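What TrEMBL says about this one:
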{"type": "REGION", "residues": "1-24", "note": "region 'Disordered'"}
{"type": "COMPBIAS", "residues": "9-18", "note": "compositional bias 'Basic and acidic residues'"}
{"type": "DOMAIN", "residues": "58-350", "note": "domain 'Histone deacetylase'"}
{"type": "BINDING", "residues": "Asp130, Gly180, Tyr335", "note": "substrate binding site"}
{"type": "ACT_SITE", "residues": "His172", "note": "active site, proton acceptor"}
{"type": "BINDING", "residues": "Asp207, His209, Asp296", "note": "divalent metal cation binding site"}
{"type": "COMPBIAS", "residues": "460-477", "note": "compositional bias 'Basic and acidic residues'"}
{"type": "REGION", "residues": "460-488", "note": "region 'Disordered'"}
Amino acid sequence: MSKRNFYQFDHDARKDKGPPVPPNDAELALSTIGQHSKRKVAYFYQEEASAFHYGEGHPMKPARLALTHNLVFGYGLHEKMNCFRSRSATDEEIAHYHSSDYIEFLQRVTPDNRHLWSQWMTRFNLGVDDCPIFDGVYDFCLMYAGASLDAARKLSAGTSDIAVNWSGGLHHAKKWEASGFCYVNDIVLSILELLRVHPRIVYVDIDVHHGDGVQEAFYRSNRVMTVSFHRYDGSFFPGTGNIDEKGVGVGKNYAINVPLTESVDDDSYAYIFRNVMNDVMESFRPTAIVLQCGADSLAKDRLGCFNLSIRGHGECVKFMKNFNIPMLVLGGGGYTIRNVARAWTYETSVLVDQVLDNDLPNNAYMSHFGPEYVLHTPIKDVSAENTNPRQKLDYIREKIREYLRGVEHAPSVQMQEIPSGLEKLHENGDWMADKNADMYADFREDIGLFSDTRNEKELNTADDREHYQGEFDQDRDWPDEEDVDVSL
Ligand SMILES: [Zn+2]
């Protein structure tokens, strides 16, 4: 196979095939668990994203993406997937969630001029240790967000069953500010994209840190249920994710938190994950899954404190895949980068139903994987004591079941209320008309994101873009195939 074939440009996907029909309840039947059906998997990668550098000593290392990609290709997994070179997101796409002043600042600030902007740096939580201004920071954001949006659109068009972007999953970024190594929240942007065609989306987060940015975005929504499994003790970053955080307004009971403590092992994690996710899927009956696979929940992570093996982490991917509904798979945290690459490679193999040899294939970064040079290297700390006994897990499960009893069974778009505070949008003119004209209305206003500062001009501009046609927005500016660099 020539290199060119690794990264195709999917012209078929550009044709207007109309939105896919969401699966019905029968198709969503939980009896599919355990089946191993072949799914069409799309894989997105942009080589340049791995070359950015947060700064000396910073634990977030985009180079982990190159390690992962080389292992994925070294094992030949690209032959089981449709692989695409993703494009960078546009400013307009980022503005679908983030505030215009924050975006503008990210565009302008550089390591050389940052000293001129100290007040703004504080306002946007930039320049601190966690979120430094490094060379090309905004370009980096556009790359990982573009890949997640491309992946989401592939699912919305129905041309893939599973779409993977290991560079995405930056779950801490807020509408107005950076947080926890995350500047732009590609997950929120992707979910907003999926909401154009999917009535209900479940977001699942297995990063060791709470998925606070995504929870915050959809805290008032009953179309997106966020489920985060993470360490929680009140002080571990970001400090949120208590079991009592469960959503507000129409979104009440649609935010689920599973707070765990250190050294949780494979068996305990699988027990709580399977039980909670079974209950969530049965109650909410989503039509799409967004799975954030933060790998800092692995044992021996530089920042994490869980005790999961690579197989234990991958078990969550396997479990969610078997629900057989469209699934967007994203990366996230992960700071012992050789193990991040191992985990995400293994999880890619799970998605394409390929059993991998434990001996790593020869690849450009082989020296990172010594001295064992194997995929499933023993990383668990056998002396660590699991602080999550079954009794505690059962308490969490029961509490969540209680919340889920308050979830309207498979709520439909039509049943959704317009929350207060949005009347202004209606007064501004065409919002409702545009929404009604759109077969699959985008209910992003339900998440309470719009502020009074959003003026009529911005609103009308956004409205023009929100007519959905096939896989791509009308405003998409796709290059011709000749212009796409496929030489990876
Ligand atoms: Zn994390």
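Just so it is clear, glycine is given a Cβ too, placed from its N, Cα and C backbone atoms.
On a predicted model such as this, the values are computed, not experimentally measured, just so you know.
Among the binding-site residues Gly180, His209, Asp296, the ones whose Cβ sits under 6 Å from an atom of ligand 1 are, in sequence order, His209, Asp296. Summarised as a single figure, the pLDDT of the domain 'Histone deacetylase' (58-350) averages 97. Of all the recorded positions given, namely His172, Asp207, Asp296, those whose Cα is no farther than the 10 Å limit from the Cα of Gly180 (substrate binding site) are His172. Considering only the recorded positions Asp130, His172, Tyr335, His209 (divalent metal cation binding site) has His172 as its nearest partner by CA-CA distance.
For Tyr335 (substrate binding site), the same-chain residues that are 6 or more apart in sequence and have a Cβ closer than 8 Å to its Cβ are Pro59, Met60, Lys61, Asp296, Asp301, Arg302, Leu303, Gly304.
All protein chains included, Asp130 (substrate binding site) registers 18 other Cβ atoms within 10 Å of its own Cβ. For the recorded site, Asp207 (divalent metal cation binding site), the DSSP three-state label reads coil.
Asp130 (substrate binding site) sits 17 Å from Asp207 (divalent metal cation binding site), taking the C-alpha atoms as the reference points. Around the residue listed as 'active site, proton acceptor', the same-chain residues at least 6 positions away in sequence with a Cβ under 8 Å from its Cβ are Ser179, Gly180, Phe181, Cys182, Asn185, His209, Gly211, Asp212, Gly213, Pro238. Take the mean position of the Cβ atoms of Asp130, Gly180, Tyr335, the recorded substrate site; other residues of that chain with a Cβ within 8 Å of it are Pro59, Met60, His172, Phe181, Cys182, His209, Phe237, Leu303, Gly333. The record gives Asp207, His209, Asp296 for divalent metal cation. Within 8 Å of the mean position of their Cβ atoms, the other Cβ atoms in that chain belong to His171, Val208, His230, Gly294, Ser297, Leu303, Gly304, Gly332, Gly333, Gly334. Binding of substrate is attributed in the record to Asp130, Gly180, Tyr335, and the widest Cα separation among these residues amounts to 13 Å.
With a cut-off of 8 Å between CB atoms and residues at least 6 apart in sequence, the same chain places Gly169, His171, Ser228, His230, Gln292, Cys293, Gly294, Ala295, Asp296, Ser297, Gly332, Gly333 near Asp207 (divalent metal cation binding site), listed in sequence order.
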